[in-house]
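Per Swiss-Prot, the features are as follows:
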BINDING   Lys339, Arg345, Gly346, Gln377, Lys378, Tyr379, Ile380, Lys390, Phe391, Asp392, Cys434, Asn435, Glu525  ATP binding site
BINDING   Arg345  protein binding site
BINDING   Ser437  L-glutamate binding site
BINDING   Asp512, Glu525  Mg(2+) 1 binding site
BINDING   Glu525, Asn527  Mg(2+) 2 binding site
COMPBIAS  86-106  compositional bias 'Acidic residues'
COMPBIAS  614-633  compositional bias 'Polar residues'
DOMAIN    220-566  domain 'TTL'
REGION    70-106  region 'Disordered'
REGION    605-640  region 'Disordered'
REGION    682-713  region 'Disordered'
Amino acid sequence: MHQHIQVPPLEGKSRINYVNLPLINGDKLRTAKTLVDKAIKEKKVFSVQGPYPVIRAGLRARGWVERRLPRPSFSQPRRHDHETETTDEGDSSDEDDLGEEVERDDEAEDLYDLMSRLVRHETPYFYWTTRRDSVDCRSLRKEQMTNHYAKAGSFTTKVGLCMHLRNLQWFDAADPDTFFPRCYRLGAQDEKHAFIDDFRRTACTSLLLYVLEKYEGDSEGEKMGEVHNAKSHGLRKTRKQHSSQRIETSVIDSALHVCQEYLNSLEHCDIDNNLETNSTISEQQWKVFLQNYYLVVHEGINIEGCEYYLERCKCMLEQMRQVCPQMENDGICNIWIIKPGAKSRGRGIMCMNKLDDMLGLVDGDHCIMKDSKWVVQKYIERPLLVHDTKFDVRQWFLVTDWNPLTVWFYRECYLRFSTQPYSTHTLDSSVHLCNNSIQKHYQPSPDRSPSLPAECMWSCSQFRSWLAASGRAALWKAVVVPGMQKAVIQTLLTAQDSVEPRKASFELYGADFMLGRDLRPWLLEINASPTMAPSTGVTARLCPAVQEDTLRVVLDRRSERNTDTGGFQLIYKQAAVDVPQYVGVNLLIEGTSIRRPRAPVHKSLIQSHPEPLSKSTNHKSSLLSSPCTSGKENQSEEVKRACPNLPNRKITMDQSLIFHPKRKRPHRLVLPSTCCVLPNPTELHHPQRLSHTQPQSDRPHTHRTRSNLPTLYRPTPSVEVINIRPRQALTSSHYIHKIHTVNLSYPVLRMQQNHRRSKNTFAEREGPKSS
């Protein structure tokens, strides 16, 4: 212990306090060194941020030594005030956890202080922190453990939960609308318009339900034998009657029309409707309808002759219930809850029931609108009530691995009650928000049932006893618990690809549920770092047990697989997916060189040349020509002027080939005679006139250009004959004679060639034979 000795001040000098440092006991020092050496050898050094006396005590009992982190100065502005303005992932707070400090044992604390000083330069292998960003997971070794996963905001934030649950259809055959109230981001324009449509459609169904319940009463709840007969909550309040004012029945017709159009859209019947028959309600008509709806539901103004619409309203509501699983919770007041995504612990949450007020509130905050932080969610207007008081359920679950996904569900939970009786005619947070951080600022209302505790909490065992008194004890295990487990698993499946699956990490979460009148659980949100403050007698018993059982799962079970896990039970474990082994980057490009494409094979023996050919030497050896573009009017006129009208002609090519297979070199192709008779050029534009001529031979030929073949050097199409060869090899010299006849449209051109040439002349042209 530090001893402060006060010395009487001398004259003219101020008083000075002298501090005597305590003497270190040798036995205590040796004990500390022994424990520290063993902990360092076994890698059992931990660090805890915040009080958490249960975590510290549990780790010390297992032989761990704490390396204490520097404590923040309370004289400085608290860091969490800034952080919680930018995140809504958890509901834990250092201020709530201050009450966790247990009575100190001075002797033990001195030993722990000494051991902490001895390991001040050692590496902690276990981190337990309140906030995720207190430890950089990327800089941790693979054997270092921490109680947070990186990038878990995909389901622990209001925006992330709203977005990821929409992808549930890709992971499970389930509809998120069956366990999560429909939710929209008002910062996204498409979702904002979807919310407006949803609000208007809900107003229509609420109006029909109002008409039905006003004249028939809420007999459906009595038929179902519900725990609490919430008979027309929207009609309980005594409202001022406006006997002189009446609303026309056209408002009911509009509501029926909107509901029918919605049903048609689900059946895709609206696709066949023409634009002329499309009777979409205009914005002005919607404005008038909502004003009438507010007057009827909120002000109590009667609808003239609405009793004649009871059967139609009942029939339409039955059809809507089949396609809208949340219709039983919607009620008649059309209340929505607005949550600013940058705050947690119930701060900034408001309940509203008018569309213009909600849009005006969101549009006024441009910063939050820019980041899409505002979230609007349908309020559950008809929850299960205990003694006419609203409550929600806090349920813990633990994730120890994301690949494969491993989920542990805690067997016990607790209920948080409101301090005020439930009513939909007041939108005060003390009635509709059950967060302990909000309700602790209010005193229980004298109108609330005295059967409820003043600390506004029940354990799950107390709730089961209340259900048993109503004859519904079996529904806890048959409906409530399976529904909560299913909602947790399906939510984690949608976020699995977004979270970094670090093997040595784990995280404890707190899920908030509400129960419908049929005891079906509805997921509200999931909190990271749930508060462990012993604020009431219920949490003083449950929170330490949850922390101790968490250490059993994440530490004791690693060394002993069959160890007791306390209140945690394994509810889900995926099949393991093998991660490909990383062997480094080895980039290799394989392929072949690109070959030069071959020239296309020309099957036609006669081609047209639309442009004049040059007399240069290049054109003398060129036998290929471009296609004729005689389809153009200007070119056809030129052809008519250049060529007079001539009768139909034909071209006959008499070809002779001489082959000597016994010799080393084959003889060249010779053309004994060629006779060209060209037809009228005007008939080129009418190919059907030439159909009476002989068809061109379909015999395949292999074309190869030769310099000695005839070419018509004219400014008009020419004739080209290429490499005519026999089909089979000849055993001796044979003379082959072929005649090809084709139609042309030019004057007669006659070319004479010798039928045979002497061997000497042929040899001279071929040059000397190669040896």
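Backbone N, Cα and C define each Cβ position, glycine as well.
Among the binding-site residues listed (Ser437, Asp512, Asn527), Asp512 has its Cα nearest to the Cα of Ile380 (ATP binding site). Note: Glu525 (ATP binding site) has non-local neighbours Lys158, Leu161, Ala511, Asp512, i.e. same-chain residues 6+ apart with C-beta under 8 A of its own C-beta. By neighbour count, meaning other C-beta atoms within 10 Å, the densest spot among the binding-site residues Ser437, Asn527 is Asn527. Asn527 (Mg(2+) 2 binding site) falls within a strand when secondary structure is assigned with DSSP. Taken residue by residue with DSSP, Cys434 (ATP binding site) is part of neither helix nor strand, so it is coil.
Here Ser437 (L-glutamate binding site) is positioned 22 angstrom away from Lys378 (ATP binding site), judged by their C-alpha atoms.
Across the structure, Phe391 (ATP binding site) and Ser437 (L-glutamate binding site) place their CA atoms 14 angstrom apart. Per-residue pLDDT, averaged along the domain 'TTL' (220-566), amounts to 87 for this model. Mapped onto three states, the DSSP output places Asp512 (Mg(2+) 1 binding site) in strand. Comparing the residue listed as 'L-glutamate binding site' with Asn527 (Mg(2+) 2 binding site), their Cα atoms are 14 Å apart once rounded. If you draw a 10 Å sphere around the CB of Ile380 (ATP binding site), it holds 24 other CB atoms from the protein chains shown. Reported as a whole number, the C-alpha separation between Lys339 (ATP binding site) and Asn527 (Mg(2+) 2 binding site) equals 14 Å. Rounded to a whole value, the Cα-Cα separation of Cys434 (ATP binding site) and Asn527 (Mg(2+) 2 binding site) is 15 Å.
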